[in-house]
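Asks: The following feature annotations were taken from TrEMBL:
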DOMAIN    123-220  domain 'Cadherin'
DOMAIN    221-332  domain 'Cadherin'
DOMAIN    333-449  domain 'Cadherin'
DOMAIN    457-555  domain 'Cadherin'
TRANSMEM  666-689  transmembrane segment
Amino acid sequence: VLSLCCEACKQVIFHVPSELEAETLVGRVDLKECLPSAEFISSSDGHFNVLEDGSVYTTSAVSFAEKKTFTILLKDIKEHVQKKIHVSLVEEEKKTQKTRHARDTVLKRTKRRWGPIPSVMIENSLGPFPLQIQQVQSDTAQNYTIYYSASGPGIDQDPKGLFYIERETGNIFATRAVDREQYPSFQIICFATTPDGYSPEVPLVHTIRIEDDNDNAPYFTQEVFQFSVPENSKPGVFVGKVIAEDRDEPYTLHTTLKYSIVSQIPESVRSFSIHPYLGDISVLSPQLDREMSPSYTLLVEVRDMDGQPYGLCTTGTVVIRLEDTNDNAPSFKQKHYETQVEENRVNVEILRLTVLDLDEPGSPGSAAVYEIIKGNDDRSFEITTDKNTNEGILCVVKGLDYESAKQRILVIAVNNDAPYMLAPHSQQVSQSTSSVTVNVLDMDEGPVFKPCHLLLEVKECEDIGTSIGRYLAEDPETGNSEGICYRIPPGQCNWISIDEKSGEVRTVKVLDRDIGEMRRGQCNITVLAIDRNGKTGTGTIQVVIRPGNKNYPRITTTDYIMCRDRKPICLTAQDDDESPYSTPFVYRITDRSLASSWKITQHNDNSVYLSPKGDIPFGTYTIPVSVTDNGGKVGEQYVTVNFCDCVTPTECDIRNRQFAGSNVTLGLWAILAMILGSLLLLLILITICGCCGSGVMHRQVTDDCANHNLIISNTEAPGEEVMDHNIIPLQNTNDQGGYGIKTGDHQTFEMVKGRGHTLESVKGGGHQSLGSVKEGGQTMMDTCRYSYSEWHNFTHPRLGEKVHLCRQDEEQKHSEDYLLSYNYEGRGSLAGSVGCCSDQHEEEALDFLDQLEPKFRTLAETCIKR
């Protein structure tokens, strides 16, 4: 049989004879290539049957002329996929014997080779045995021997004594029956030999095929198949698949199986169907009610030979369990319940409600959910479900008051945990409800505060003993407060006290939000009320401290530096009080004279800008500024503004630090140490003066006031006078501390350092030139000296020029540091420099006296003696 596939899932062509007998294999179609998941296979022509492996058989005798077509339908029920294969049967061409013509080529004749066709042995043959299978012959040989092998599942060696051959005749015999499932076929190698053992011919291979006999009945792969399907499922819903196998030869009628349902338990309307060739079981009836039949047992038969009566069959069991769905609503067993409870009892069970549900117990479809739909506005009741018994437990969670209501009526509804699913051909059910009457029993109760939670606000920093309210309790039976005492249990914040009889609440301390536990701003205090019978009731007072205006606003920074650009100063105030007693702040200059030259501009709620109104001189200004908070509290402070001739405030800041560094305040021990040091130094000087006063030298000294003056201070050595035409006078001419310069006939300067010296003080202070010392110790006034006014008028502008030049560099640029090195002025003097910028720590150094020339040593010795 020839099979030709033109296009997958479209058309298949089989070349077959025009006449086919029943149960004839027409061909084989590759179904997996078209639809691998096919679960349903059918043929449009009843004369043809298609098996699961794709084999196409005829169910009855078929004859056609030239061509015949039909369709194979494939379905995937789960994925809802359907495909078709068009099959065409074409009559095969008849072979015509070709006649040889004279001019055709004549083939050469060769020696004939004997090749027998394969032999067939019926499986489980009844004999008689030995059973002749075949005969082999040779023209040249006389003796025959065979070697054979079997092919089949599990065959790895030859069966012993199954076949033998007669040496003289070449007849092959079988000694017993053969099972095809064990040995599907055999290959026998035949040898023909001469009497002397020579084999003139090639060994002959002969095949013996065991023809299958339908000796094996089909069997199910499981003893019991178990499936489940939801109740009320629609027809066509897939339930499960049964599988059977057959050990006979595949792709034959011996293994063509057909399924059928023999019986169903319970015996009612047929509820399931099975596919005859696939074994798929599906729902047939929509009336699957779990409450009526929780499960079904099917007896399924499988028969080979395509289900023909003469085929072998086997039966199997299929158990189908119906899964529960919530198609039954729960209902109360009673429509009305009545119970009672004592007043003020809480967290107590008062009633159990029972419902009836036909769904499977323990499933979500039967789990009851209770709900109070009426009569529980104050949330005094609560109902839950007992998971073990499915009962509703009604509890009181908030105490009931007999005086308010002697009876409560509740309406309770019940539902299921799972959503309700309406069964086919059924009506919608209504929600089941039940009413519960709760009778409240009167009990002797303790006092009750009204309200149970009292809020009292106290202004911050109120006086001790201030009354802030009353907190009273009532007897529920009498409705009044007679005979009730009030107490505050210990262990709570002790902010307030309550009067034992009147219930008046007073403060026991000053409540300040900035102290300790009062920073929280509130405190909850439990109060007890005790009646004559000793029964108590409790209430809660919440004391809240209201913020007060107790703090003055203050300016955070009061010292500022303003440069010549007069950039406004930002003043910021701070108030420790809370709103509404803090911001916004109001600023004002309280001094009228300063208010005319300074102004305040608002920046934001807590900041302003301070700036001068016009041109004002440089200097330090102390401005009184008042700040008023939103509560009217005024705080006044002084703002110090240093209006400085600077570019950046850091310049003035450095100067102030230098100036402040010169004003050092000495401690008591430092002053004492200085006094002791001064006394010790004075004692030493007195001792020295006593030693020097005993020997006074009288020498004649040359009157050379120009070049031989002894300079006591550390100044430069005497030099020639240099006059500069670029001298400018100093702007500050105070005489608090400076240097005196005197000139002689030879233009020599003498520097005398002191504080407020005059010419007379210079003359009488022991400062003498060498020319003023004459023989006999008489002192003569040096005629080379000038008066103080002459000395001042001459030296003051020159010193100013020196100071000005010290502040310039070589490029005539203004220098930032006054302490600059001098230019070269000749060979330096051991006495040091007298410049205004020179260091003055060598004022008292006298080491230069040890290096004087010989002509000055006598003079030095004379001075020491004096």
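Every residue gets a Cβ built from N, Cα and C, even glycine.
Any TrEMBL annotation is an automated prediction that lacks curation.
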Asks: Looking only at the domain 'Cadherin' (457-555), what are its DSSP counts of helix, strand and coil residues?
Replies: 5 helix, 41 strand, 53 coil
Asks: If you run through the domain 'Cadherin' (221-332) with DSSP, how many residues end up as helix, strand and coil?
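Replies: Going by DSSP assignments, the domain 'Cadherin' (221-332) contains 6 helix, 50 strand, 56 coil.
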Asks: Work out, from DSSP, the number of helix, strand and coil residues along the domain 'Cadherin' (333-449).
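Replies: Output for the domain 'Cadherin' (333-449) reads 0 helix, 54 strand, 63 coil.
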Asks: Take the domain 'Cadherin' (221-332) and average the pLDDT across it for me.
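Replies: So the average pLDDT across the domain 'Cadherin' (221-332) works out to 91.
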